[in-house]
Every structure is written in structure tokens, then in C-alpha cells.
Amino acid sequence: GPLKPEITITYIAVSAIFFNSGLSLKTEELTSALVHVKLHLFVQIFTLVFFPTAIWLFLQLLSITPINEWLLKGLQTVGCMPPPVSSAVILTKAVGGNEAAAIFNSAFGSFLGIVVTPLLLLLFLGSSSSVPFTSIFSQLFMTVVVPLIIGQIVRRYIKDWLERKKPPFGTISSCVLLMIIYTTFCDTFANPNIDLDKFSLIIIVFIIFSVQMSFMFLTFLFSTRSDSGFTPADTVAIIFCSTHKSLTLGIPMLKIVFAGYEHLSLISVPLLIYHPAQILLGSLLVPTIKSWMVSRQKALKLTRQPKVPVKV
């Protein structure tokens, strides 16, 4: 249609989100995030190892139910996806968490996902098609890394203006993300051959929300342990980056790995539900998580203050 999503979404929209992030992020914060290896390892292992394995084990139980098998396969593809290139960053920023860590893990996880995600899809679901890693890698580099670097360079020259005007970076990113979701829904559900029964769809929606809530709670428990070494701001980034899955990378990957599959549209449905669901759920939890983070930070400051001896 007139929106030309193959150009505006695939290239311009994702690039705009990361240019926006590069423009808004303080360079020193991104540099400091690079050395936070423990946080990055936690996020990537949870996202690309624990998540798909846990989903696979769960689907072994669901395979005996009357739920549409292609939707169940779609749930497995969700588990194999890398972190998102936008939503986790936007929500982390909205809460006031470690945005630099969220951006680093989004970018790094996306690159890691170029190799790992297709291999996971082949491992859990199988496919006879070859995966053009080079073309995906070059596209990701041009739409994620280059805009982020350009944004950082531009920021150096207009830093004072940005500090004075404080542009609505979060609102801009949210609007772009909404456009991505809209065009992807249109693309999938415009397929006349899609055969979707209401029972399976309702169950899948329930499972998706349950999985998200369970995994968010699980990451919260792990990252707030006394020996974890993570700050409250780190925990916010971990919660969103570890449990969110990329739609903008996921749909193109599914089209490449399962090219020619008759049930490709049905396989895509869970990811199409998961993405807006993670944004909706995350948005609803922003006030609660923000309140927890602020109170936790205040409590930590009080415990670190040296006690003043009382004069008798």
C-alpha cells in the first residue's frame, strides 16, 4: 500500500528508533554499560538459552491438548527470538532504569540473534531452507548500529540544545513502534489462507500473558538477590530485556527460515500477539516498577550513609 512497509518499516522506522536512542543517550552512560559484563551475560543467557528451553519443555505438555499445533510451533519461535530493538529500551527509559544497559543488550542481543535465532529455530522446528546470514547481518548493521552511532555523533554538536529543550524522545519512539506493529498485523492477517480457530487463539493469548508475567517475576527474583550485585536500575533493564522478544527482527527471520511453509502465517501469530502484549503489560507495570525502584534506591542510600555518633 501507500505506506510502503517494506521500506518505511524495515529500514526507516527501526533506524529512526535507534537514531532517537543515540541522540538521547549520554555517551558516558553507554561507555559505562560496556563493562557491565555480568548483566549482559544474564540477559543473553536468559533470552537465548533459558527462555527457548523452558518453552520447549512447556510445549511437550501442551502437545497433548487440542490447541492448534501450528500456533504451538509459533510459541516456540517466540522463545527463540532475540531481545527487541525498541520496546525494552522505551520501557526501561520510562521507568528510569539503566537505559544504557538496555540499549547495549538490545543491540548486542540482536546481533547475537542473527546467528543464534535461526539455529534455534532449526533445532526446535527444523527447516530445509538455507539462511542468508550475510544479508540479515548487513541489514541489521545499517538499521541498528549505524543510526545509533550517527545519533551519538549528532548529539555531540547539539548537546546543549538537547539539554535545554528536552525533546520528547520516548513519545517519538512509541509512535514509530506503533506503526511497526500496525503494518505487521496488516501483513499477516491479510493472508486469505489463514485458518485460525477462536479456542486456540484465546488459549494462546492467555499462555502468552502468563509466560510474560512468570518470566518477569523470575528475572525480578534472580536480579534482586542480595548476592546478585545488580542495582535497582539494573533490575529494571533486566526485567524488560530478558522477557521481551523482537518483532521487527522476528518476522523477517521467520519469513527467511520458513520460506514456502504453508502454515507460515499461523506460526507468525504468537509473535504478533506477544509483541503488543509485552508493550501493554510493560506499560501497565511501569508505575509499579518505578515506585519499587525509587523506594529501593532510597533504602540503599540510607543504609550506605555513615551513622553519626550521638553525643551524650
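Using the three backbone atoms N, Cα and C, a Cβ is placed for every residue, glycine included.
Positions annotated as transmembrane segment by TrEMBL: 6-25, 37-58, 103-124, 136-157, 169-190, 202-223, 235-258, 264-286.
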Seminar exercise, completed: Under 8 Å Cβ-Cβ from the transmembrane segment (202-223), and at least six residues away from its ends along the same chain, one finds 42, 46, 51, 55, 58, 62, 65, 67, 71, 74-75, 78, 230, 234-235, 238-239, 242-243, 269-270, 273-274, 277-278, 281, 285
Exercise. Of the stretches 136-157, 235-258, 264-286, which racks up the most C-beta pairs under 8 Å with the transmembrane segment (103-124)?
Worked result: 235-258
